[in-house]
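To keep things clear, I will list the structure first and then write my remarks on it.
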Amino acid sequence: MARPRSLVSPLLSGVFCQCDTVGGAPHTHDTPASPSLAAALAADPCGGLVCGGPEHETRLQILFQELDVNKDGGICINDLAVGLKRLGVHRTELELRKIVKAGDKDQDGQLDFEEFVHYLRDHEKKLRLVFKSLDKKNDGRIDAQEIMQSLRDLGVNISEQQAEKILKSMDKNGTMTIDWNEWRDYHLLHPAENIPEIILYWKHSTIFDVGENLLVPDEFTVEEKQTGMWWRHLVAGGGAGAVSRTCTAPLDRLKVLMQVHASRSNNMSMLGGFTQMIREGGIRSLWRGNGINVIKIAPESAIKFMAYEQMKRIIGSDQETLGIHERLVAGSLAGVIAQSSIYPMEVLKTRMALRKTGQYQGMLDCGKKILLKEGVSAFYKGYVPNMLGIIPYAGIDLAVYETLKNAWLQRYATSSADPGVFVLLACGTISSTCGQLASYPLALVRTRMQAEASVEGAPQMTMSKLFKHIVKTEGAFGLYRGLAPNFMKVIPAVSISYVVYENLKLTLGVQSR
């Protein structure tokens, strides 16, 4: 059988030191390196990448000159794209931007020689940590079983055949195992730190904000927690959610109006609903309730994250990440805790969305009037159906997403586990839609209970009585009032969230994808 051809040219693999950096001590050299290289390697004389000897510095300089296409003493994104292509290495524009951004210390848009060496050294250290985490047997080699086990720990199930396909893409000598040099050579000048990051390609709860923050939280590795990347992910996700919710707020308010006011006798259409809102309060009225909807993102995300981590400890898992069923249990309990903590804000959001012009001066005035007129209990109306809706929403969303993810990995992932933006958005959209469809009747009952006191002549009912009343007077279809605008906002919400999330990650220095 023909041996797989290396994806790295001899020039690229030749810049590396062949020291046993995983298990042994690095070489030392009598000949000192130049000042620029010495500065780059001061913290780690060998670094596993360059020993500091003249032959290695020469190879680095040759590689740098090869990538410096326009010969201006710096490697920009265009230089990197053209130079790597000449060497037989293909990277996406996003990957190239991340490489330059990660190494560009003076932020001039390009890498000089010292920055180039710094980037390679730092990246090599990350690759070494990942290699060690994958090498379960601690024998200096990675086999298919170790790949499968590592991904299983991260919630990604692949077959042995699939693991072997991934293995073959990196195995240069046909042994069906990967040693340190093969692993490092394959990932040279690639911004990801790689196979365990398959799970990062598939993280979606912080990316896809469709306005219903009931998703199971993402898993963060020990390294992400230690380096502070976890809070950067949360901030990026919160910012993405704020922009996404603001852009789709008119559809969200229309959904609330249709849930509360639409009936057989008042068959409100989408066009009629928008016309009614604009006629009553002008264009700005389309965004009523959006302020509180955005504000509640921060406390809810923070509480959910802390509660999720605590639930993991209570469950007692000794794994760094949980299995699917454990994630569902821990995520659902964390969702209950977070929703219980911020539920009064949910009631305020509904009341603000339903308010008439001049009814309230703002969120605080709304809260004050509800408290004086209806008492504290008003802030927890609809609490029970809201809590009951968490499990079907989160469970179905997670199950559908995991099913689609693993189906894609089994069928299409060969040398790369990166699904691409389209697959990510499609999986997130489909899973979120299924979750909402299952929990929508509970969401509608919750909204009507929250709005009862603000609707003239509306009866005060318990959850079960309201269910029976809706089915009796409107039929089963009545439990799905407002579903059309709710589904219409999913695709734009997911798309906007993803774009903003990716840009905020780069701004915050998150280089995990």
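Including glycine, each Cβ sits where the backbone N, Cα and C put it.
According to Swiss-Prot:
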- 1-233: topological domain 'Mitochondrial intermembrane' (TOPO_DOM)
- 55-90: domain 'EF-hand 1' (DOMAIN)
- 122-157: domain 'EF-hand 3' (DOMAIN)
- 252-288: topological domain 'Mitochondrial matrix' (TOPO_DOM)
- 309-331: topological domain 'Mitochondrial intermembrane' (TOPO_DOM)
- 322-407: repeat 'Solcar 2' (REPEAT)
- 346-381: topological domain 'Mitochondrial matrix' (TOPO_DOM)
- 402-424: topological domain 'Mitochondrial intermembrane' (TOPO_DOM)
- 443-481: topological domain 'Mitochondrial matrix' (TOPO_DOM)
- 502-513: topological domain 'Mitochondrial intermembrane' (TOPO_DOM)
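Long-range contacts of the topological domain 'Mitochondrial matrix' (443-481) within its own chain (CB-CB distance under 8 A, at least 6 residues past either end) are made by residues 212, 256, 258-264, 346-347, 350-351, 354-355, 370, 373-374, 378, 381-382, 384-386, 389, 436. Secondary structure counts, DSSP: the domain 'EF-hand 3' (122-157) has 23 helix, 2 strand, 11 coil. Long-range contacts of the topological domain 'Mitochondrial matrix' (346-381) within its own chain (CB-CB distance under 8 A, at least 6 residues past either end) are made by residues 252-253, 256-257, 260, 280-281, 285, 288-289, 291-293, 296, 339, 447, 449-455.
Remote same-chain residues near the topological domain 'Mitochondrial matrix' (252-288) are listed as 211, 245-246, 350, 352-357, 443-444, 447-448, 451, 455, 473-474, 478, 481-482, 484-486, 489 (criterion: CB distance under 8 Å, separation of at least six residues from the stretch ends).
Mean pLDDT, taken over the topological domain 'Mitochondrial matrix' (346-381), works out to 93 on the 0 to 100 scale.
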